[in-house]
Amino acid sequence: MKQDVVELDGAIGGGQVLRSALSLSMLTGKTLRIHNIRARRSRPGLLRQHLTAVLAAAQVCGARSTGAELGSQVLSFEPGPIRGGDYRFAIGTAGSCTLVLQTLLPALLRAPQPSRVSISGGTHNPLAPPVDFLQQAWLPQLRRMGGRVELQLLRHGFVPAGGGELEAFIQPSELQPLHLQERGALLGSRAWALSAGLPEHVAERELRRVHDRLQLPREQLTPVLLDEEYGPGNVLLLEFAFEHLTELFCGFGQNSLRAEKVADGAIDQARDWLDSGAAVAEHLADQLLLPMALAGGGSFTTPCMTEHLQSNIRVIEAFLPVRIEARPLSEQVLQVQCHALS
């Protein structure tokens, strides 16, 4: 008998559990009841960006919800039919625009008509994938699966000021399985440093560190100096384009953190992934799992199991008739496979 209500514990996995569960609730029509939302975080319950995701999801499918308020650790979400259209959402802080978009996008791919979604808030938030990651790494894989999505950055928004905006255009699409076992040949690499309202030497020092540690040619290193009205804000982005995928690694500037240390954080992440031999790094792995499950299958290799990946598996299997298996191929490579249950 089809399960009409899915109950989840949101203590493990943080906001990722909530976002995936909202997407799947909209897609399956199953009521979501979730408790202990972000209970293990320093600021438990729904923050502004989580609340925006809930309210946006409710608008897209005409859901009835209870517990949709700041600080709430309990939520009931009863979805209706998904509706495409023209949507605009404002987080009101530097909360992540990209995480709100990723909550809505799977459902809008199944809408009966196209959608345009504008979201204002933070486009470059250290606790979320920046819009560049979606554009360069995630969306190209979604398009390989058949998803028809375009994404534009209209205005940068850093923490704490926010004020950024993105706009997505989504056509109804049927996703097909994707298998990413290998990266293929390296096609190119580059780095760029965004800086707003900060001295020019900050971006220059970050890129110099990339040159020194990764030996990237200087013509592949680009400082991007934004108008100070967007700031203060700084992020270093490292891109590696391979035959089968592109990966992006980020280092966010912080008060009292030297530019060289910002660069080191992104460089260390990139090196760990490059040395592992796995196809996708941990963040892309986590974000490919839901589209693969909706496609009814797929696989990838990634360096290791993470809390987000594990919690995403748990949520997906609670909603969909799929089985997701993870097995180590070596000390540095984990294979993740998604199968539809007959």
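Placed from the backbone N, Cα and C atoms, the Cβ positions cover glycine too.
Swiss-Prot lists HIS283, LEU284, ALA285, ASP286, GLN287 as binding ATP, and of GLN49, GLN59, GLN73, GLN102 the one it places in that same site is GLN102. A straight line from the CA of ALA285 (ATP binding site) to the CA of HIS308 (active site, tele-AMP-histidine intermediate) spans 10 Å. Within 8 A of the CB centroid of the ATP site residues GLN102, HIS283, LEU284, ALA285, ASP286, GLN287, the other residues of that chain are PRO129, TRP138, VAL280, GLU282, LEU288, LEU289, HIS308.
Other Cβ atoms within 10 Å of the Cβ of ALA285 (ATP binding site), summed over all protein chains shown, number 24.
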